[in-house]
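Report on one structure; see the data block that follows.
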Amino acid sequence: MVLGRGSLCLRSLSALGATCARRGLGQALLGLSLCHSDFRKNLTVQQDIMKVELLPALTDNYMYLIIDEDTQEAAIVDPVQPQKVIEAAKKHHVKLTTVLTTHHHWDHAGGNEKLVKLEPGLKVYGGDDRIGALTHKVTHLSTLQVGSLSVKCLSTPCHTSGHICYFVSKPGSSEPSAVFTGDTLFVAGCGKFYEGTADEMYKALLEVLGRLPPDTKVYCGHEYTVNNLKFARHVEPGNAAIQEKLAWAKEKYAIGEPTVPSTLAEEFTYNPFMRVKEKTVQQHAGETDPVTTMRAIRREKDQFKVPRD
């Protein structure tokens, strides 16, 4: 959750949203939360291999329109607000062919069924039978194409048992790729362990995502950056990278701009959940093993009271 305008209301909405997502009660949240995305700006990230349009949704979610400029074909990640997706595709004059769903929680998959009615013939990918309108179930290292772009599916169970991250690259290109991480990896944070263990999150972050090229751009599912960095500062108060990123993120939020994307290389400098091998993080947790450190700091984060500064 982000701090700032209407923060008391947003705390309540975020808590409600998490509950609705776990219980499949997305419609209960719909009327309450659409308004906040109007205060957050869209952003188009021009990568040499693709264009990515960041589409704010609900209180703090992101949807991502991935555009292959060679073919003008596009995919959408987690289209919880279908009408916004349709409008973005029209703006860019692209053909929407593919839905990439990271996990079944309503604030990510809740728009699938409406979108496929608005755009018949869409291919809907995901790793969990609980995902609405699913047409193609994928597993770890499954691959698919969006125009000339290659999409590799990475199984990262923990937040949910069927969570998939999507690594998008262009064959033969030396330019940075992108990974769409849903609720597994956030800027300076990770998702709650609703259906998994610390060992699974360790494998997801360090052994799956952490082994991608360091310059890979990370597009996560929520704008949680300021709060995540305040917890990171609590864990490592002497880490200059955290202090610098927090100051930058506060400035971005103040003007309604996204703090996404980061890169994997950056995450290893300030994300405590990516830094569980570091002595400073282990000492804070009172542990000497990366997995038990992961478990300890996740439990602490779940109870962390975010300072107002």
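Including glycine, each Cβ sits where the backbone N, Cα and C put it.
The transit peptide annotation in Swiss-Prot covers 1-24 and rests on sequence analysis.
Residues annotated as Zn(2+) 2 binding site in Swiss-Prot, with similarity to another entry given as evidence: Asp107, His108, Asp183, His222.
If you look up Swiss-Prot, you'll see Lys192, Phe193, Tyr194, His222, Glu223, Tyr224, Arg298, Arg299, Glu300, Lys301 marked as substrate binding site, on the strength of similarity to another entry. Annotation for Arg298 (substrate binding site): same-chain Cβ neighbours under 8 Å, separated by at least 6 residues, are Cys190, Lys192, Phe193, Ala198, Met201, Phe273.
Positions annotated as N6-succinyllysine by Swiss-Prot: Lys230. Every protein chain considered, the tally of other Cβ atoms within 10 Å of the Cβ of Lys230 (N6-succinyllysine) stands at 21. According to DSSP, Lys230 (N6-succinyllysine) sits within a helical segment.
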Radius 10 Å, atoms counted are CB only; among the binding-site residues Asp107, Asp183, Glu223, Glu300, which position scores highest? Asp183
Looking only at DSSP and grouping its letters into three states, which state does Lys192 (substrate binding site) belong to? coil
Select one residue from His108, Lys192, His222: among these binding-site residues, choose the one with the most other Cβ atoms within 10 Å of its Cβ. His108
Closest to Glu223 (substrate binding site): which of the recorded positions Asp107, His108, Asp183, Lys230, going by Cα position? Asp183
Say you check the Cα of Asp183 (Zn(2+) 2 binding site) against those of the recorded positions Tyr194, Lys230, Glu300; which is nearest? Tyr194
